[in-house]
Structure formats: structure tokens, C-alpha cells
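**Student:** Here it is, the structure, as C-alpha cells.
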Amino acid sequence: MSTAGKVIKCRAAVLWEKNKPFSIEEVEVVPPKAYEVRIKIVATGICRSDDHVVNGSIITPLPAILGHEAGGIVESIGEGVTTVKPGDKVIPLFVPQCGKCRACKHPESNLCTHGDLGRAQGTLMDGTSRFTCKGKPIHHFLGVTTFSEYTVVSEISVTKIDAASPLEKVCLIGCGFSTGYGSAVKVGKVARGSICSCVWSGRVGLSAIIGCKAAGAARIIAVDINKDKFAKAKELGATECVNPQDYDKPIYQVLQEMTDGGVDFSFEVIGRLDTMVSALMCCQESHGVSVIVGVPPNAQSLTMDPMVLLSGRSWKGAVFGGYKGKDDVPKLVADFMAKKFPLEPLITNVFPFAKINEGFDLLRAGKSIRTVLTF
């Protein structure tokens with residue numbers, strides 16, 4: 001029986017307040033309005049940015065349904081939708097692409113002005129929610145809201161992908177993989193034969209390592225305080241692994257000594273202010289490029305010696321790897337299907353959706369790279 005045009009009752013993980021576990025609830029999801037799409041989520045990844053909301057370091061309105069990395073199937077569409085149809089496999093886009101704003105039209109920008117990133121309103125574009133639970137409206141997250149069996153997104157926040165693609169794998173392209181991989185190949189523009197360092201070897205960091213290898217880097221140095229991650233880092237392309245706790249000097253000095261003055265490209269993937277500065281300082285003077293990939297806490301400021309930049313180093317930031325969602329995500333899925341890069345090594349756990357809190361526990365304990373939840 002078709003559910004188009006009807007309110008759908010389904011399971012979702014609601015975060016009622018920060019520093020509390022997710023609560024599996026029955027929620028109501030209303031039909032999509034004009035230029036909106038309702039999606040049945042098949043698989044969704046657990047991202048550290050979601051946990052930043054739980055612990056309060058990223059501020060967004062609560063109660064909310066989080067989640068922003070997923071793959072699903074279009075259930076129904078609102079009036080005026082032309083780019084997807086019911087039955088299409090899709091990836092929701094937490095960085096939308098309207099194709100009309102100045103940012104979308106610029107070849108080097110991917111931060112569409114219609115996105116919720118940075119504004120954290122917790123609604124769709126009309127300022128309202130499509131979710132209710134126990135008679136109360138529930139906030140969206142980043143315009144995609146994937147910790148729900150069904151979600152509603154704007155048409156500009158979803159893109160069609162290859163019908164043969166395995167959603168439990170390509171869902172990683174919806175955030176983590178693209179964020180790391182693109183930071184190397186698209187934003188940093190890693191050069192063949194260069195020396196790279198990646199601070200933190202989690203899922204995004206490992207994706208950056210994959211990108212550095214794909215770009216032809218000669219040396220890729222993984223930096224992490226968890227030695228258990230080094231085997232996976234080397235499997236995916238790291239040539240050397242360094243634990244800062246093994247040294248009695250700052251890690252940027254260690255990297256400078258290892259590389260005759262500094263690396264050509266560095267990637268900070270944790271989101272810590274001290275490691276952001278350290279990643280810049282480990283770069284070679286005159287030409288080194290450091291890319292900030294990790295999401296920093298709200299309302300904090302960097303302090304550093306401006307001579308570090310005046311000496312010729314460059315500092316860049318990367319959201320979603322610099323990719324334009326509608327243009328680039330289908331291409332990345334096609335590249336995965338063509339075996340141009342792996343996703344399987346990044347997935348350490350596949351859990352049923354009801355085990356979402358167990359998945360977050362593994363993330364916090366550093367015992368998973370990526371946990372994928374399936375409905």
C-alpha cells in the first residue's frame with residue numbers, strides 16, 4: 001500500500017537533552033511539501049559530529065533527531081520536484097547545492113547559502129519541522145536528519161546515485177569519506193611525490209590518507225595517540241606512523257625533523273585548536289599547506305604567532321571535502337563502484353538501528369572506525 005501523501009509513523013533516535021543517551025521513539029513524519037523529498041533511510045553512519053551535539057560542544061536546538069551520513073530510497077516527492085523520483089537510491093546532502101546562489105555558482109565554493117550548517121536552526125527551509133513525537137515538534141539536524149527510518153529533506157539536499165550501489169557502504173560518502181578524501185585531492189590538491197601528514201587516524205583521517213595515496217604522495221605520516229589505529233593506517237596508505245606520546249618535544253618539531261624542515265601538506269582531522277596550530281607549524285616554510293578538516297567546538301578562538309603564516313605557509317579549511325553534493329557525490333559513488341578507492345576497511349561495525357547507543361559507546365572509546373546502522 002502506498003504511503004505517499006500520508007503521515008508515516010516510524011522509529012527514530014531522539015536526543016531529548018545533551019549528555020543523555022538516544023531514546024528510540026515512534027515519531028510521525030508528515031508528507032513532503034513542495035520541492036521536498038521523503039526518504040526511507042536504509043543505512044546511516046555514526047559520525048563524531050553527532051557526538052559533539054550530544055556532549056554540547058556543537059550547539060543545535062533540542063529535542064532533535066541527529067544523523068547526517070546516510071543512504072536511502074525515495075519514498076515520495078512534493079510538488080515541483082524533478083531531480084529524483086520514488087524508488088531512486090539517494091544520498092542526503094548536509095551541504096546542499098541549490099545551483100543558483102553565489103556560492104553554488106563559484107567553481108571553488110561548495111557552501112550553499114541555503115544550508116543549515118553554521119546556522120543550526122534545526123528546521124527545513126520554511127522554518128518548520130516535519131517530525132513530531134508525543135505531540136511535540138522535533139528538530140531536524142543539518143537539513144537531513146538520518147537517525148530516523150524516514151526523513152524529509154529539501155530537493156537541494158539530496159542526490160540520486162547508481163541504482164546498483166550498496167547503501168550500507170556508500171552511505172559513508174555522505175560525510176566522512178568525502179570529507180577526508182576531498183580534503184586531500186580537492187582542497188589540499190596534494191602533489192605527486194609530496195610528503196603529507198595526517199593528525200588523527202579515525203575514519204575521516206584514514207579517508208584523507210586514501211586521498212593522499214591516490215594523489216601520489218611519496219610519504220604519508222599518520223599521527224595518533226592510539227597505536228591500535230596504525231595497522232589500518234598503513235593498510236590504507238600510510239608509510240609511517242607516529243605517536244606524540246613517544247616524544248618529549250612538540251609533535252610539529254618531530255615532524256619537521258623527520259622531513260628535513262616540514263611536510264608539504266598536513267591535515268588536522270580532530271577539531272582541537274592546539275592540533276590545528278601544530279598541523280600548520282609542521283608544514284614546510286614558503287610552500288606548506290595545512291587543511292583544517294576537524295570540526296572545532298563552538299565559540300572558541302585560535303591564538304598563534306602570525307609569523308607562522310608570514311613565512312609562506314598556507315592555511316585552508318574544508319567542509320565536506322570541498323565537494324558540491326549534487327555534482328560530485330554521484331561521481332564518487334561511481335568511482336567506488338569502479339574500485340578506484342575502498343570503503344569497506346573503514347566500516348568496523350554494522351549494527352541494527354536499535355543499537356545506536358552501543359555504536360556511540362564504541363566511538364567514544366576509540367574502538368571503532370565507522371559504525372553503520374541499518375533499518
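Every residue, even glycine, has its Cβ placed from backbone N, Cα and C.
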**Student:** Cys98, Cys101, Cys104 bind Zn(2+) 2 according to Swiss-Prot; which of Cys112, Cys133 goes with them?
**Tutor:** Cys112
**Student:** Can you find which of Arg102, Arg119, Arg370 Swiss-Prot lists as binding NAD(+) at the same site as Trp200, Ser201, Gly202, Arg203, Val204, Gly205, Asp224, Lys229, Val293, Gly294, Val295?
**Tutor:** Arg370
**Student:** According to DSSP, which kind of secondary structure is Asp224 (NAD(+) binding site) found in, if we only use helix, strand and coil?
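**Tutor:** It is coil.
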**Student:** Starting from the Zn(2+) 2 site formed by Cys98, Cys101, Cys104, Cys112, give every other residue of that chain whose CB sits within 8 Å of the mean position of their CB atoms, in sequence order.
**Tutor:** Pro96, Gln97, Gly99, Lys100, Arg102, Ala103, Lys105, Thr113, His114, Ile156
**Student:** Cα distance, Cys101 (Zn(2+) 2 binding site) to Lys234 (N6-succinyllysine), nearest Å?
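**Tutor:** For Lys234 (N6-succinyllysine) versus Cys101 (Zn(2+) 2 binding site), the Cα atoms are 41 Å apart.
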**Student:** Which entry in the list of binding-site residues, Cys101, Cys104, Val204, has its Cβ near the fewest other Cβ atoms, using 10 Å as the limit?
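**Tutor:** Lowest Cβ count within 10 Å among the binding-site residues (Cys101, Cys104, Val204) is Cys101.
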**Student:** Taking 8 Å from the centroid of the Cβ atoms of Cys47, His68, Cys175 as the cut-off, which other residues in that chain fall inside it around the Zn(2+) 1 site?
**Tutor:** Gly45, Ser49, Asp50, Gly67, Glu69, Phe94, Leu142, Thr146, Gly174, Gly176
**Student:** Given that the record lists Trp200, Ser201, Gly202, Arg203, Val204, Gly205, Asp224, Lys229, Val293, Gly294, Val295, Arg370 as binding NAD(+), what is the largest C-alpha to C-alpha distance among them, in Å?
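**Tutor:** In whole numbers, the farthest two Cα atoms are 20 Å apart.
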